[in-house]
Amino acid sequence: MLTKFETKSNRVKGLSFHSKRPWILASLHSGVIQLWDYRMGTLIDKFDEHDGPVRGVHFHKSQPLFVSGGDDYKIKVWNYKLHRCLFTFLGHLDYIRTVQFHHEYPWIVSASDDQTIRIWNWQSRTCISVLTGHNHYVMCASFHPKEDLVVSASLDQTMNTDLFGGVDVVVKYVLEGHDRGVNWAAFHPTLPLIVSGADDRQVKLWRMNDTKAWEVDTLRGHMNNVSCVMFHAKQDIIVSNSEDKSIRVWDVTKRTGVQTFRREHDRFWILASHPEMNLLAAGHDSGMIVFKLERERPAFSISGDSMFYAKDRFLRFFEFPTQKDTQVIPIRRPGSTSLNQGPRTLSYSPTESAVILCSDVDGGSYELYVVPKDSMGRGDSMQEAKRGTGGSAIFVARNRFAVLDKSNNQVLVKNLKNEIIKKSSIPIAADAIFYAGTGNLLCRAEDRVVIFDLQQQRIVLVRDLCTSAPFTRPSVRVKSGAWDDNGVFIYTTLNHIKYCLPNGDSGIIRTLDVPIYITKVSGNNIFCLDRDGKNKVIVIDATEYIFKLSLIKKKFDNVMSMIRNSQLCGQAMIAYLQQKGFPEVALHFVKDEKTRFNLALESGNIQIAVASAKEIDEKDHWYRLGVEALRQGNAGIVEYTYQKTKNFERLSFLYLITGNMEKLSKMLKIAEVKNDVMGQFHNALYLGDVRERVKILENAGHLPLAYITASVHGLADVAERLSTELGDNVPALPEGKVPSLLMPPDPILCGADWPLLRVMKGIFEGGLDNIGKGSPDEDEEAADADWGEELDIVDVDDLQNGDIEAVLEDGDVPENDGEGGWDLEDLELPPEADTPKASVNARVFVAPTPGMPVHQIWIQRSSLAAEHAAAGNFDTAMRLLSRQLGIRNFAPLKPMFLGLHTGSHSFLRTFASSPVLSLAVERGWSESASPNVRGPPALVFNSSQLEEKLKAAYKATTTGKFTEALRLFLSILHTIPLIVVESRREVDEVKELVVIVKEYVLGLQMELKRKESKVDPVRQQELAAYFTHCNLQTPHLRLALQNAMTVCFRAKNLSTAANFARRLLETNPTNENQAKMARQVLQAAEKNMKDVSQLLNYDFRNPFVVCGATYVPIYRGQKDVSCPYCSSRFVPSQDGQLCTVCDLAVVGADASGLLCSPSQIR
């Protein structure tokens, strides 16, 4: 079984695949219907209108509809695009078991515990037929895929096949043969066969014709009730699942079991198959799995312009130039015709014309064929193959091949006679080997690959899989790949053809309807094999990645040619050019002024931004232009933007910091004309003009403030006049204070722009500007237009200043006498330094483009919550934890988030007036690392810290410091979601640690609760008893048993105390006092084996788990809900409440599971 997707949820009772999209519906025992994308592993939607379990669900073949039936006797038809129920069918009188759309007619068939089958018309919304042939619950009913038949299964031990299409529906056959109730029956997709599964643990195969139906055979092997059974659409096999926690695969022709897949704790209830693809799904007690029974990747080997591949028990030969496909020799498919027996890999030696086919038979085996030269195209000569066992087998030289012996962890080198020539031990636990040049092997382990030299018997190169694949993205499975003629790696995923450039940049070439396996890339043609082994040629457009490759290799002539002649465009291309330091190229792809404006701002091209802002002429764009110009220190354009937006406050402050006292004086007079008192006061303050400030305060009626200002600044004549006006209200000046004059500071750089980095004329600057232009005459005209554009900006600038002058000169506004020519004599041009430079072709100063922040690189590459928190992106970290573990209460995690963020950064102080610099600290950094490759963040939490805390918590538990022990265990539980480990083994250890800590937290909470409830002796005994059923270390279990034994013995419950004493003695206590006390309690109890109190809610004979909130037992068979993080169990009333054990997750929430290692994402 190849598991493709798995969920954790309440019991899944119904499943249905979408025919086109990678979606699956799962109906749960809790009443919720979930819509999952099994390819991406995400929950798309939830539908929650049924009251009680939903047992049946089915997608419509072509409409955006699905139907569901539940224990509320209702059948609901939903539109998943509108996210709502369209209508409800009422008519059944008991639970509805299954529902199904007809493949052609607007019908729905439903089976119910009211012993009827109903057929509904979902267009007219009426019940068109009621079938009443059964006398017990009808467990399922389904339409025949082609004929007008319905098959149904019932607990009355029969199956009915009903014929419809006439006036009424009639029973055609009644199939009897099962000894107990039948749970499922299904038609074969093409043959006249029916398969059934029942509570007698048997799967039966039936055949039918036009007049009768009869039993063909019985398949035995399940150990409990068979829940569901079905034919596989593409192979001669039957798949069944059962309450014995297994899925079994049966060979239809041989009527024997082929494979069995088991789960440890979950019973299976439902099966579903994809209508188009080779996918199956199974629902069980704690979720569902989507899986394939065997790999569909064809085995092939490329040799020059040809390819050998295996298909339909034949070795075939394909020539790429002529696309000629020929059959070479028949090959024996290893083993039986059962699953996973086909060739997995193929290796070819062109000089010896020999082929090795590897398969999974007997844990791994190979077959060696020598292809005769004269058999090409005939394909009729049967070869006797040389066989052997081994995990992988590949040619490493002309007449030598290597075989991986996994059991001894060594490589066997053999000749074409299948004789061992040499044995070499490899120092890593390899699971596969590949050809890496003559005499060399590429050995793949779980977390790394190495190149092994067979001659020298040593490793010559090691690469860590976590860091060596720059193009790997989370949740993307690479299906195949090949190098093209330019050194670009073209690869496929489930639904895309993608490329990866030598620097690690990747992108999408086109989408795919079905997966393909690339064999060769030649120019714009991709040669590939599909899952049926058919050769295909796909034509692609390679312009995008060739353009990017030319940029990387600095082949600027090619870039210029492609820009002129191709249709390269789109936001992705613009963003790429900008990111790679070619913003001037990106700007030439954009025509929309707003996009040009945004791009120019982001790339720091202030001149193009000015031109675009003039075209847009909106206040928001002028404001943003001013912010960017201020960042670059371009005071002239800042002034121009503030004038355009009439932002006089910012304009005054700009004149202050640039030391332009003349224009600051003009701003003072503008404020006076506008009657803006605060503006006047601020400008007077900036100018250091005390008399003007006193005048403003006096005119505003603030005489006391005016008097104090005049007095402090030594204006005796003004102060005396104001004192006379104030009379007795003269304010007193503070004593012992030394006044100081507020004067504007001297600007660092007066009257000019800040110096910027001078950039040489770019490779594209001349060439790109001429795109679309004709003769040199047109170029000259364009140049003239640009000079006119520059004057236009200066003109607008001075017009603003002209307005200011006009205000000062009593409102004399310059008149425009119509056609006044250029009228250059009237312009009062300011000094050159104050003029905004907006010529696009002029020599410019360009600010360096800022790179991508490290924290942004971290979150782009990672799906681990700890790394998002370390990057400071707490929102996405919380969303990840909510999706993965169902966490809703983040208060306990706040200090850890802050610690991760602080611990992954170092801070440097530069100058007193400048901000502190933040530097990212990377995990596993070394001096030899490339400065362009960013590693993941350094994390302050690790598994060794958890081990130390666990030891301290164990010690505190042993010494009876329960509050301290509980604090330590909870700290571990709160830290685990933010731990990152490297290997799969460590992931399993972390998951095991969650279970261990959860048990201790629950037990210690109950013990502390027991100590509080001193007035209730019955509750004290119950809690002490429950504590002994937590999964504790043996020394702690002994202490818990001794404690429970003592409490119950004192309360005269001798029978219960004796049970604890026996369990204590079974642990073989090393402390003699414990053993002695237990024996004494047993002796005392044997004299009077009774419990004084019969009120204890405790039955040690019946297995149970303890509710984490109410501390009551949940006995086997009772309903419960669990925490998606710590897996603590709760009574159903706690569904939706915060877990009281971990204090993080919501009980019963859907979650994908703990993600704490990059190895889980590969």
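Glycine residues also receive a Cβ, built from the backbone N, Cα and C atoms like all the rest.
Just so you know, TrEMBL annotations never went through curation; they're auto-generated.
Listed in TrEMBL:
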DOMAIN    315-460  domain 'COPA/B second beta-propeller'
DOMAIN    475-530  domain 'COPA/B second beta-propeller'
DOMAIN    558-715  domain 'COPA/B TPR'
DOMAIN    761-1162  domain 'Coatomer alpha subunit C-terminal'
REPEAT    47-88  repeat 'WD'
REPEAT    89-130  repeat 'WD'
REPEAT    131-159  repeat 'WD'
REPEAT    175-216  repeat 'WD'
REPEAT    219-260  repeat 'WD'
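Summed and averaged per residue, pLDDT over the domain 'COPA/B TPR' (558-715) gives 83. Mapped onto DSSP classes, the repeat 'WD' (47-88) shows 0 helix, 24 strand, 18 coil. Secondary structure counts, DSSP: the domain 'COPA/B second beta-propeller' (475-530) has 0 helix, 30 strand, 26 coil. For the domain 'COPA/B second beta-propeller' (315-460), the DSSP counts in helix, strand and coil order read 6 helix, 74 strand, 66 coil. Taken residue by residue, the repeat 'WD' (89-130) breaks down under DSSP into 0 helix, 24 strand, 18 coil.
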